[in-house]
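**Q** According to TrEMBL, the feature transmembrane segment maps to 20-41, 53-74, 95-118, 151-172, 184-208, 236-258.
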Amino acid sequence: MFEKIQKALAIRSSIMRELLAETLGTFILMVFGLSSVAQVVLGKGNTGHYLSINMAFGIGVTLGIHASGGVSGGHLNAAITIMEYVLGKLNWKKLTAYLIGQFLGSFMAAATVFGLYYDALYDYTKGNFTVTGPTATALIFSTYPAPNVSWLGAFFTEFMATIMLVLGIQVIHDDKNNAALKGTQPLVCGILVLGIGLGMGMNTGYAINPSRDLPPRIFTAIAGWGTEVFTAGHHWWWVPVIAPVMGSLTGALIYKLFIEFHNQPDEKIENKKEQRGVETS
């Protein structure tokens, strides 16, 4: 019975499987992340703090990559996907599928967290969902710059944080260098995101991911916060979309210039290892 159902539902298209994997992985990441923000904001500091948000996003990244990594590689981030496309590792069909999957997963996660915390949201705001002010709640779903940070400073923060994200990812997965042990990469990626949040989250909330920021922003515009989600912070919405893409490309270039271009081909590395073995014996 179950085998027949499985055969009927099984998708043979690799691109569709990758789209579904990115959808689920991003959904897992965003549910953990957004629900932690909701708990801190709506709990007025009694049910969590800034550290708990960082940890939740790190856990979400780890589990999201575990869920999707074997099928799609677990990008969960449009900036990473665009970087892979520019580097020639993805074709345009996969680029489109990955971006659609990430968008859907993030949007559904925002809707899920909205439903999960609707009663608390209504009680906290008295039914008046606002982007700014003492009972602002739009920041639960998307990032907004701190009031004391300049536009240029906020853009640079997102740009640099994404550079560090990509440098970390390159180090974790570079088998010709000192890559993380097989099977530990998702956990180390989660720790990487935790570290970025701990060190570079104050100015902008470290979006570092268009897939993390734009779909929930669109959801909030539909769900009651209105178009102010796009005009607040001097039309901040496009910065978490563009700055991470620029940062990811810059991070990939930096890693290539400092490490990857100078790595020897696999054959030379193997020959050196064999030569050392002969000398030792």
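Each Cβ is built from the backbone N, Cα and C atoms, and glycine gets one as well.
Remember, it's a predicted structure, so these values are computed and weren't measured experimentally.
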**Q** For the transmembrane segment (53-74) against the transmembrane segment (184-208), do we get 3 or more Cβ-Cβ pairs below 8 Å once near-sequence pairs (under 6 apart) are dropped?
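**A** Yes, since the transmembrane segment (53-74) and the transmembrane segment (184-208) share at least 3 Cβ pairs closer than 8 Å, they count as touching.
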**Q** Would you kindly list the residues that approach the transmembrane segment (151-172) from elsewhere in its chain, counting only those six or more residues past its ends and only Cβ-Cβ distances under 8 Å?
**A** 79-80, 83, 145, 178-180, 185, 188-189, 192-193, 195-196, 200, 203-204, 206-208, 233-234, 236, 239-240, 243-244, 246-248, 250-252, 254-255, 259-260
